[in-house]
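Only one structure is covered here, and it is reproduced in the block below.
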Amino acid sequence: CCDRIACRFGCVPCCT
């Protein structure tokens, strides 16, 4: 999964 910062740039799924 992607880290929280990567999620902000559209990376999915996000780590929780």
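Glycine too: its Cβ is placed from the backbone N, Cα and C atoms.
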In Swiss-Prot, CYS11 is paired in a disulfide bond with which of CYS2, CYS15?
CYS2
Do you know which of CYS14, CYS15 Swiss-Prot records in a disulfide with CYS7?
CYS14
May I ask which residues of the same chain, at least 6 positions away in sequence, place their Cβ under 8 angstroms from the Cβ of CYS7 (disulfide bond)?
CYS14, CYS15
Just to be sure I understand the packing, how many Cβ atoms besides its own are within 10 Å of the Cβ of CYS1 (disulfide bond)?
10
